[in-house]
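> Shown below is the structure under consideration.
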Number of protein chains: 2
Amino acid sequence: MIRETNEWLTFERRFQQIIQLSNHTVGQNRLVYSPNWIAAQSALIRFGQQIGLTVMVDNYGNVYLDLPGKDDQVIATGSHMDTVIDGGKYDGLYGVLGGLQAINALKNRLGTPQHTLRLISFSEEEGSRFNITFSGSKYYALHQSVTALTDADGISFEQARSQAVKQLQSLPNVIAKRPAIPASFTELHIEQGPRLITSHDQIGLVSGIVGQRRWTVTVQGESNHAGTTPMNERHDALQAAVTMISSLNQHAHQLSDNLTFTVGQLNVSPNTSNVIPGTVTFTIDARHADDHVLDVFEQSINTTEHQLADSQIKVHFKRYVKDSPATFDTTLLSQNELIAQQLGLTSRVMTSGAGHDSYVVNQVSPTTMIFVPSEGGISHAPNEFTQPADLKAGIALLMASLQAQAY
Amino acid sequence: MIRETNEWLTFERRFQQIIQLSNHTVGQNRLVYSPNWIAAQSALIRFGQQIGLTVMVDNYGNVYLDLPGKDDQVIATGSHMDTVIDGGKYDGLYGVLGGLQAINALKNRLGTPQHTLRLISFSEEEGSRFNITFSGSKYYALHQSVTALTDADGISFEQARSQAVKQLQSLPNVIAKRPAIPASFTELHIEQGPRLITSHDQIGLVSGIVGQRRWTVTVQGESNHAGTTPMNERHDALQAAVTMISSLNQHAHQLSDNLTFTVGQLNVSPNTSNVIPGTVTFTIDARHADDHVLDVFEQSINTTEHQLADSQIKVHFKRYVKDSPATFDTTLLSQNELIAQQLGLTSRVMTSGAGHDSYVVNQVSPTTMIFVPSEGGISHAPNEFTQPADLKAGIALLMASLQAQAY
């Protein structure tokens, strides 16, 4: 546990320092490679150097703070430094500074560990500046590079990346390096959903990440005059879309309580009050921990068109995302479950409905995640909030978990 | 009937001349008071003067071509000269030049009528330049003026009107005048819907215009993460809107086959594939010839909100159009029915689902309308088309009707 008041105050001070660097009129803004982001990663590097950690920065701006152990095996923790536009204070940053705090406390209390402890601050996870997500962890864990992307202002990823990385790597005592893959990775993160708040658990132990598929659907009918076209001679694209969405929603509900089904985007053409819609496009986002459930749902999507009474309505589906579910390491999960119990923390095992850097790192290294509650389930918004007691509980569990693995 | 080939050729020549003045890359463009519109009304004035009609232009640019009779009673016909943006060739212009052709033929065959025959070319009906419809007929029949409107380029109605009217009124032998209300008004027009094409009738005899109501509906839910928010904790504004639209569509269908129900416009916010919609706004357009049916439908709109399972979804309705149905003169209708039969034309009595200048004139004078078929029911589009045989049939009926009234 963070028993000492001054340990919590150190975390608080660092946290306030970074969010003040990123304060925007509305929310937090640390888009990857932006001035705010460079300032935040630079501050983190200073925090690490102040407590004697070894600092590495790779060519994508991922920051690694190592507490060298008696051997080369690496036990890692961390999360991402970037935010969405006008985001909250906790998404990403909590896991970075919580991880630093855990290593800091272990160093102070127990000295040199058996295995090396590493804090990773990934450069980018949100995909809010360039049209790519997880570019930091993909570069570290999978050695994947980004090709030919530009942001909304026309600045290329390459230009933004090279300028920002140059600044970080030229700071005193920074080693330009992408270190080797760790023996394990634990990510501390806010839940970003309401399940822990609803169940009154302090900790979520994440068993994996749901599979996710997305489609665009184009419904082609016939645009016509809203007054002069009798109801039985219409080919109304919006009414067809409404029928399909109703039917799919019902089907998703019957298939599994845990299947999330979202039509987030819908556009009507010509979108005029007195004209029958000729074309409607909409998106479907479906997520479930079991790929088979998503397969069955995908079949129902493909047959929805045939349920339309009007054969002159043409429907075109295009799947543009198919991410398989991820199952995290069961040993780390069981270990954390036991430690949470020993610390007197109430916990539940759950899957994550959102993607995380852990989804990427899990492909090369045993990985687990620790969730803490998000008030109101709110995230990606300025009013994102987690109670201090819950922040402390999460850091305490991470600390005990790293201790069990590294000492 | 237009028995003489040269009578039809005269109509064709005048028709081609005006549509060539208004040809656009895509369709016809004669927005009120525009250069194309001025050229078209000027051409019409020349056509009238060439056959010896008296020309008047009022301060709104309505053009009146009179064949003076033995007394002052006026039997009028006509339609509007303006088009929608990229409109078709027949909407409005057919009734103007068809009316001119009928008066021209009657003058040639029968000489001076007992009552004065008048062709009216109304300045504006479509509302495509300024945010007002029927400004021409409202000025003539109801003495209503337009206040403080500007077009998309910031040009005021007053400026556009005064410049255009000045040009027309300064043409040779044009009398600047708004003449008195006629004893009857007959408007010849394309149907703009598919009913005559479907029933294979040559003529539609219009008994009235449907009542029309429009609403904007705002559905306020809660925007949230599409992956981390369980289905039973969502307040999805789009799913609520879909439920309401489904239910209203079903209710409209049960209420009356002739009740048209259109959701033409629908906007989602924030409209992102992985975010649950927080707000949805949509429009409802409902039309029926019986105001009572619209009253009942309006009640069902107001109770739809209570059918939503989720009490946290807030719905706000705002009605912004309430036009009562119009019933046209029954004597003129019966007379036209008999004449059509005598001419060997198949006809049906029908209500119009769209508004027309006749809706306005009907408030001050006995009014009727004659519809001819629109191929494919298409209107307000460049591929609007009516077969020449149908154009001829409509003009023949109008001619016989004017003859019966004026000679």
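Don't overthink the numbers, they just go from 1 along the chain as shown.
Each Cβ is built from the backbone N, Cα and C atoms, and glycine gets one as well.
Sharing the feature lines straight out of TrEMBL:
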- A:H80, A:D91, A:H189: Zn(2+) 1 binding site (BINDING)
- A:D91, A:E126, A:H380: Zn(2+) 2 binding site (BINDING)
- A:R214, A:N274, A:R287: allantoate binding site (BINDING)
- A:211-302: domain 'Peptidase M20 dimerisation' (DOMAIN)
> Give me the CA-CA distance between A:N274 (allantoate binding site) and A:H380 (Zn(2+) 2 binding site), in Å, as a whole number.
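It is 37 Å, counting Cα to Cα.
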> If you measure Cβ to Cβ, which of the binding-site residues A:H80, A:E126, A:H189, A:H380 are under 8 Å from chain B?
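Of A:H80, A:E126, A:H189, A:H380, the entries that lie near chain B are A:H380.
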> For a quick check of packing: other C-beta atoms within 10 Å of the C-beta of A:R214 (allantoate binding site), how many?
21
> With DSSP, how much of the domain 'Peptidase M20 dimerisation' (A:211-302) is helix, how much strand and how much coil, in residues?
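Secondary-structure breakdown of the domain 'Peptidase M20 dimerisation' (A:211-302): 34 helix, 33 strand, 25 coil.
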> Do you know offhand how many angstrom separate A:R287 (allantoate binding site) and A:E126 (Zn(2+) 2 binding site) by C-alpha?
18
> Setting A:H80, A:D91, A:H189 aside, what same-chain residues sit with their Cβ within 8 Å of the center of the Cβ atoms that define the Zn(2+) 1 site, listed in sequence order?
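After dropping the recorded site residues, what remains is A:S79, A:Y90, A:G92, A:L93, A:Y94, A:G95, A:E125, A:E187, A:I190, A:H356, A:D357.
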> Excluding A:D91, A:E126, A:H380, which residues of the same chain place their Cβ within 8 Å of the centroid of the Cβ atoms of the recorded Zn(2+) 2 site?
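Apart from A:D91, A:E126, A:H380, the close residues are A:T83, A:V84, A:G87, A:G88, A:G92, A:E125, A:S128, A:Q192, A:S379.
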> Taking each of A:H80, A:H189, A:R214 in turn, which of these binding-site residues have a Cα lying within 10 angstroms of the Cα of A:E126 (Zn(2+) 2 binding site)?
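Of A:H80, A:H189, A:R214, within range: A:H80.
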> May I ask which of the binding-site residues A:H80, A:D91, A:H189, A:H380 is closest to A:R214 (allantoate binding site) if we compare their C-alpha atoms?
A:H380
> Return the residues near A:H189 (Zn(2+) 1 binding site), defined as same-chain residues 6+ apart in sequence whose C-beta is under 8 angstroms from its C-beta, sorted by sequence, else 'none'.
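Expected: A:S79, A:D91, A:G92, A:Y94, A:G95, A:H356, A:M369, A:I370, A:F371, A:V372.
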> Report the mean pLDDT of the predicted model across the domain 'Peptidase M20 dimerisation' (A:211-302), rounded to a whole number.
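Value for the domain 'Peptidase M20 dimerisation' (A:211-302), mean pLDDT as a whole number: 94.
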> For the binding-site residues listed here (A:D91, A:E126), which one has the lowest count of neighbouring CB atoms within 10 Å of its own CB?
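A:E126, out of the binding-site residues A:D91, A:E126, has the fewest neighbouring Cβ atoms within 10 Å.
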> How big is the Cα-to-Cα gap, in Å, between A:H380 (Zn(2+) 2 binding site) and A:H80 (Zn(2+) 1 binding site)?
14
> Take the Cβ of A:H80 (Zn(2+) 1 binding site) and count every other Cβ within 10 Å, whichever protein chain it belongs to.
27
> What kind of secondary structure is A:H80 (Zn(2+) 1 binding site) part of, going by DSSP in three states?
strand
> Given the allantoate binding site residues A:R214, A:N274, A:R287 in the record, what is the largest Cα to Cα distance, rounded to whole Å?
37
> For the binding-site residues listed here (A:R287, A:H380), tell me which residue's CB has the most neighbouring CB atoms inside 10 Å.
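For the binding-site residues A:R287, A:H380, the Cβ with the most other Cβ atoms within 10 Å is A:R287.
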